[in-house]
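According to TrEMBL, the features are:
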- 1-24: signal peptide (SIGNAL)
- 20-125: domain 'Ig-like' (DOMAIN)
- 132-216: domain 'Ig-like' (DOMAIN)
- 235-257: transmembrane segment (TRANSMEM)
């Protein structure tokens, strides 16, 4: 009896034009994390595995810094992908030439009103690799044997951040000089993340042309070669400089002693009387102020 009732219900649904729908719309993608090189095409896949609705509503949204914006809406490409992308069956997005600004998360949404599960979405992360530009290199022109020095290399455009390599006379320097018989006696160290090439003690063999290369998965770039000269310690120059300094010191000391002997630096006391009293006249002899009169000298004639 139960089977008969089910068959009767099925016949009734068929006669009324009702067809049972699928479980619901289901989406999948070939890659949830997608890498692309800048200026090259890339396709974001949104595959519909099951659906009953003939004309589902398909939308794509770009989510950057937590803010969503439309990429495909009302059957047309919009936003910053306008004129640079198209929708491909069933619901894929093809970007003709990717830009570094396209790095974001993209969400494919499909609404199927005739399905029991009438909505599904899938999230895809797109990262656009950017080729490094020519790095800025700093190489000292002249260094002295036995001293320390550092060569620098910097590039800030590439994505992901590039790794750095150094070349000496067109030959790549190994990361660890101890692993190469040719550079086993060298004291340099390379930081591939920052681009620094440091010498603890420079040797004569370290002289030559140096250039740096910045490289990531999108490509590489290098700076022009620069010459670094290594000079011997100038013992004669150091001796002459020290000798001149001693001569100058002795001359200065002799000058000071000579000035002291001539009394050029002697200062007279504040109590010393430097005033010269005028000579007394022969005509008048002024007496003591306490006597209240004056005396005539013998030369005074009445």
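Numbers run from 1 along the shown chain.
Backbone N, Cα and C define each Cβ position, glycine as well.
Automatic, uncurated: that is what TrEMBL annotation is.
On a predicted model such as this, the values are computed, not experimentally measured, just so you know.
Mapped onto DSSP helix, strand and coil, the domain 'Ig-like' (20-125) counts 6 helix, 55 strand, 45 coil. The average pLDDT the prediction assigns to the domain 'Ig-like' (132-216) is 95. Per-class residue totals from DSSP over the domain 'Ig-like' (132-216), listed helix then strand then coil: 9 helix, 38 strand, 38 coil.
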